[in-house]
Amino acid sequence: MAGNSIGQLFTVTTCGESHGAGLMAIVDGVPPGLALSEADLQIDLDRRKPGTSKYSTQRRESDEVEIISGVFEGKTTGTSIGLLIRNTNQKSKDYSEIKDTFRPGHADYTYSMKYGFRDYRGGGRSSARETAMRVAAGAIAKKYLQDRLGVQIRGHVTQIGNEYSNVAEPSKIDWDFVNSNPFFCADKEAVSRFESLIDNLRREGTSCGARLEVIASGVPVGLGEPVFDRLDADIAHAMMSINAVKGVEIGDGMAVAGQFGHSSRDEMTPDGFTANHAGGILGGISSGQDIRVSIALKPTSSITTAGKSINTQGESVDMLTKGRHDPCVGVRATPIAEAMLAIVLLDHYLRHRGQNADVEQPLASIT
């Protein structure tokens, strides 16, 4: 199975299934000398892990990460960092009744058709369980970017179902509040609406989609490799690799179709840019402004409302999903999106440093 790695200089390779023994990652390209401990990674893993509130899946995993290589006496050695998380709360019997049935909206059918064989327990490799290793690896990237460059990467949920957050401007976001509520939402009033919505979804046996934004502040000018490795192209690729993501926007995104040139261009003055419609990326290269990425996640298809599907013999069946599932997968997606943005940014920083370390910029950054 190909497609388990991302990055060129900072690379992350993951393996593991939802109901297997555990999850693993090999993180390569981390510069030596970075102070790093398991506690540094655990912070974001605890933000993502299941069973932390009644608004997400009730599968309870400690998601305790073990660093098994690449760190000595509290610092990275420059060699590959091995990470391990053991699964402890599998309930594979929840899936025994559907081993011969394809769940609609999931990867059961496509995995079976592609490989001729599949792990039906919780979706196997296609389960969002695998994103725990992305978060662990991304925490390494976030720490390097923060410690060495002062880059901050933070996300917040802007929409769940048909309810919206009314706080969008980064300067108005209380990040402590975002990380103190189960929805990673910046709008205190929206949190109560989200709570009611999730409660209703559970009663109705259905689910809903979500939208969230990730913001990277302090990114230096110059990251990105035109033309095929544009920074925004690689960010979009990374975000689309997250389970359930069906849309990615950078800056104003799809809204640019209704804009006009005189108002949508990010004009410049000696004191800085007057706007950030482009989301911090111009010509595939970071401009030094905040990089703003928005993603949309579809409703999970694992719901307690019966639906139609087929079995492995191609026969029509009525499908009812059992097990422990998120009524809205977007609730726990914020640290995953942060991790993927961090992975891309560190990879591009190392690539930029390798080729352009001696470049003398013609003027100081205006941001």
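Placement of Cβ uses the backbone N, Cα and C atoms for every residue, glycine included.
According to Swiss-Prot, the features are:
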| type | residues | note |
| --- | --- | --- |
| BINDING | Arg48 | NADP(+) binding site |
| BINDING | Arg125, Ser126, Ser127, Asn243, Ala244, Gly283, Lys298, Pro299, Thr300, Ser301, Ser302, Arg324 | FMN binding site |
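Features per Swiss-Prot, on structure.
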{"residue": "Arg48", "record": "NADP(+) binding site", "CB count, 10 Å": "23"}
{"residue": "Arg125", "record": "FMN binding site", "CB count, 10 Å": "19"}
{"residue": "Ser127", "record": "FMN binding site", "CB count, 10 Å": "19"}
{"residue": "Ala244", "record": "FMN binding site", "CB count, 10 Å": "20"}
{"residue": "Lys298", "record": "FMN binding site", "CB count, 10 Å": "17"}
{"residue": "Thr300", "record": "FMN binding site", "CB count, 10 Å": "23"}
{"residue": "Ser302", "record": "FMN binding site", "CB count, 10 Å": "21"}
By Cα geometry, the one of the binding-site residues (Arg125, Ser127, Lys298, Thr300, Ser302) nearest Arg48 (NADP(+) binding site) is Ser127
